[in-house]
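*Asks:* Just passing along the structure, written as structure tokens.
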Amino acid sequence: MLSWLLVFSILVLLAQGVSSWENPQTDQVSEGLQQLFGNISQLFEKGILGRDDVFTMVSREEWGAEAIGCSSKLSRPVDVLVIHHIPGLECHNKTVCSQKLRELQAYHIHNSWCDVAYNFLVGDDGRVYEGVGWNVQGSHDQGYKNISLGVAFFGTQEGHSPSPVALSAMKGLISYAVKKGHLSSKYIQPLLAKSEDCLVPPQKGKQKKACPHIVPRSVWGARDSHCSRMTLPAKYAIILHTAGRTCSQPDECRLLVRDLQSFFMNRLNACDIGYNFLVGQDGGVYEGVGWNNQGSKTDSYNDISLSITFMGTFTGSPPNAAALEAAQDLIRCAVVKGYLTPNYLLMGHSDVSNTLSPGQALYNIIKTWPHFKH
């Protein structure tokens, strides 16, 4: 069975005075698409979606594209397929969909991109529209554009999932891409990309800070230590849990981090606490050994990975929303600051060591995060 890496994101296109697709109801559409695509492998297995579904390709010339201005080439086959959904460009026939694509291309070029952001676009009319094509990098996703094909659904009625003919066209396009060697059939792992991970301008007033507040070692009362240095930028972000008590208040969390450091140094004879950063149920991020020093909990990955541990046990129930958001913000921060490579891989502790960490409930969540690799 062919294995697919599907990255799903809601692409929010924002510019004043262009058209109604500037202010989509992203939450509603996102949830629907996540549910729709979550079982895509099962649809293949059950025969609901055939591997050889035919599709009609509309060339750039046919839909009236401006001359392409992109020059960065893709090396084939790529390992990643990034599927987006563009809300607000409703169309159900070739004429209207072509007009919407011309508007979209003009918007992207106006925002200093070299062309329309995607390799291909699938209209709700069931046609596949050529974007920058098979051999050129799109601008659809900062972390994947040089190793992926970016394909976007467009034309759907706001609040609805793509039509059956659009889904069939998408499946046909994917099958064709694999058969022709444009897309690798190697399995990696499904993951979920948020809109802020794309290259699209975020909505005003909703842009996240580059980094969360990190409680420094001096504030939680760390002991001095001298650990081996990291090899930066790290290639991996590894998620763990401490498998002990948790904390929901800053003073509790500071005490817990101190106790954990003492356990590592006194009982395990480690150079310091075993993690680069720790996350509490108070939504706080606590500096462990920090950006530049190695942790001691990820075996042969210590020097090339950032270890982020949730304080507590998360086998049955996951961390709360504040803690999960803090960890995701920290990962984004690491990329922005250059401590983590943009093409990093995210893994659970159990993926690199014989352990139950980070707990099944937490693991089920992180495997939907960007860059996850089992």
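Quick reminder: no glycine exception, Cβ is built from N, Cα and C everywhere.
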*Asks:* According to Swiss-Prot, which candidate among Cys91, Cys333 shares a disulfide with Cys211?
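*Replies:* Swiss-Prot lists the disulfide between Cys211 and Cys333.
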*Asks:* Of the cysteines Cys114, Cys198, Cys227, which is paired with Cys271 in the disulfide recorded by Swiss-Prot?
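*Replies:* Swiss-Prot says the disulfide from Cys271 goes to Cys227.
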*Asks:* Which one is it, Cys198, Cys253, that Swiss-Prot ties to Cys247 with a disulfide?
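*Replies:* Partner cysteine, according to Swiss-Prot: Cys253.
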*Asks:* Quick test of your reading of Swiss-Prot: among 24-33, 294-303, where does it put region 'Interaction with murein'?
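*Replies:* Of 24-33, 294-303, Swiss-Prot gives region 'Interaction with murein' for 294-303.
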*Asks:* Can you count helix, strand and coil residues in the domain 'N-acetylmuramoyl-L-alanine amidase 2' (233-359) using DSSP?
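*Replies:* Summed by class, the stretch gives 40 helix, 30 strand, 57 coil.
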*Asks:* Could you tell me which three-state DSSP class Asn93 (N-linked glycosylation site) falls into?
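*Replies:* Assignment for Asn93 (N-linked glycosylation site) reads coil.
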*Asks:* Between the disulfide-bonded residues Cys211, Cys227, Cys247, Cys253, where is the Cβ count within 10 Å the lowest?
*Replies:* Cys211
*Asks:* At 10 angstroms around each C-beta, which of the glycosylation sites Asn93, Asn146 has the fewest other C-beta atoms nearby?
*Replies:* Asn93
*Asks:* These are the recorded positions: Cys271, Tyr275, Cys333. Which one scores highest on other Cβ atoms within 10 Å?
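*Replies:* Neighbour-count leader: Tyr275.
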*Asks:* Average the pLDDT scores across the domain 'N-acetylmuramoyl-L-alanine amidase 2' (233-359) and report the rounded value.
*Replies:* 94
